[in-house]
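Copied from TrEMBL, the annotated features are:
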- 79: active site, proton acceptor (ACT_SITE)
- 205, 254, 256, 261: Ca(2+) 2 binding site (BINDING)
- 38-324: domain 'Plant heme peroxidase family profile' (DOMAIN)
- 325-573: domain 'Plant heme peroxidase family profile' (DOMAIN)
- 15-36: transmembrane segment (TRANSMEM)
């Protein structure tokens, strides 16, 4: 049964949330078996029963003050899981002897740390030393999706916090210059299918991208094209205008930057993908069908996204004494002797660390040493999707925080230059299908991309085209306009940058995917149908997204002694 998502008024939210949660949990419980022993949906039910409520409340309050943080939490969770697993290592601060992940160039724009810190602090008051930062982050991301209007899903808990956070580990993060093939390959290495890769890419329905991430698309793109040919001409001008403000200028990924929907896929269809790695999802025949499917069917995108997110939240999870995985390692700060994941170039634009910090702080007040930063991050991402208007879903908890956060590990992150094939391969290596990849790509319905991630699409794209040919001409102009502000100028992934919906898929259909790796989902025949499906049916996107998110939240989870529960999400105990 597919979930149909509708905008919910505040008075209706509680009942709608409960109904969707029950429905989603029934779907997940009947169709998903966790591959990580020791994790469970009710991991904290006995030893810290208030943890999830604290995280949800922390995320909700933060998003009410700043809805753009939804994208930050989801992105932080992704950057955590794709480096050393969902172990909260992205939360760790750098020290004199170590540059942590968060100080990687790829993580410098991450936001929401204070949310995790606050949640952790409150939880520690109730259950000291019980909830890991890794679990807090996973749940915060989940809740962010929900509060942004995305699907309801749950994730297994029980992660341990990782003890490693090295800037060099962030090499695992996919750059915004990856084409579809590169994205498929990179996600495939983490066990994700092309479907799952596109679904996770849908997280760009929230947030923004900085000009530095897409400005390469706007001029001297390749030997043939000045502007990325996959970029719509008008949108290229928009991006160029954005970039006039400098490299840090922000461009929403879609028109609903704070809403979790499938508008990101619509943007790709319009060749309005901000990043090259966005637009490539539509440009590539391998993923175009997925983009079209999500653009047509938001429910399908939601379902695939939540499944991919659950899967991602289980990446390399630390259990017991184990470290690294979906372990919150992206939260770890760099030190003098170590450059952590968050300081990787791929993570420099991550936002929301303060949200994780805040959640961790509050949780520590209730349950000291119980909830991991990895779980907090996973749940925060989940909740960010919800509060942005996305689907309700839950994830298993119990992750442990990783003890490693190296910038070099971020190489596992799919770059925005990946084409559909690369995305399918990369997500497939992480166990995700092409459907799940497209659903997760729908997260681009939130947020923005920086010009530096898509500017290569706007000029000298390749030996034949100046502008990325998968990009709508008008949208290419929009992107070029954005990039006039510099590499950090931001371009929304779709027209609803703060709303979680299926507008991202509409964007892909219009060849308005900001990133090449977005538009490739529609450009590729392998994923175009999925994009169209999600564009037509938001409920389908929501359902697929939440299932993909649950799946992602279990990527390489640390449990038991394989990790730890950090006292401070930014520092290894």
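Cβ coordinates are placed from backbone N, Cα and C, and glycine is handled just like the others.
Heads up, TrEMBL stuff is auto-annotated, nobody curated it.
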The predicted model's mean pLDDT over the domain 'Plant heme peroxidase family profile' (38-324) is 91
Would you kindly give the Cα-Cα distance separating residue 205 (Ca(2+) 2 binding site) and residue 79 (active site, proton acceptor), rounded to the nearest Å?
-> 16
Going by C-beta under 8 A and a gap of 6 or more residues, the same-chain neighbours of residue 254 (Ca(2+) 2 binding site) are 204, 205, 263, 264, 266, 267, 272, 444, 445, 492, 493, 494, 495, 496, 497, 503, 504, 507, 512, 514
Should residue 256 (Ca(2+) 2 binding site) be counted as helix, strand, or coil on the basis of DSSP?
-> strand
Cβ neighbour count within 10 Å, max among the binding-site residues 205, 256, goes to 205
Around the residue listed as 'active site, proton acceptor', how many other C-beta atoms are within 10 angstroms of its C-beta?
-> 33
In the same chain, outside 205, 254, 256, 261, whose C-beta lies within 8 angstroms of the Cβ mean position for the Ca(2+) 2 site?
-> 206, 253, 255, 257, 259, 260, 262, 263, 264, 267, 444, 445, 446, 493, 494, 495, 496, 497, 499, 500, 501, 502, 503, 504
Helix, strand or coil at residue 205 (Ca(2+) 2 binding site) [DSSP, three-state] = strand
Can you check what DSSP calls residue 79 (active site, proton acceptor), collapsed to helix, strand or coil?
-> helix
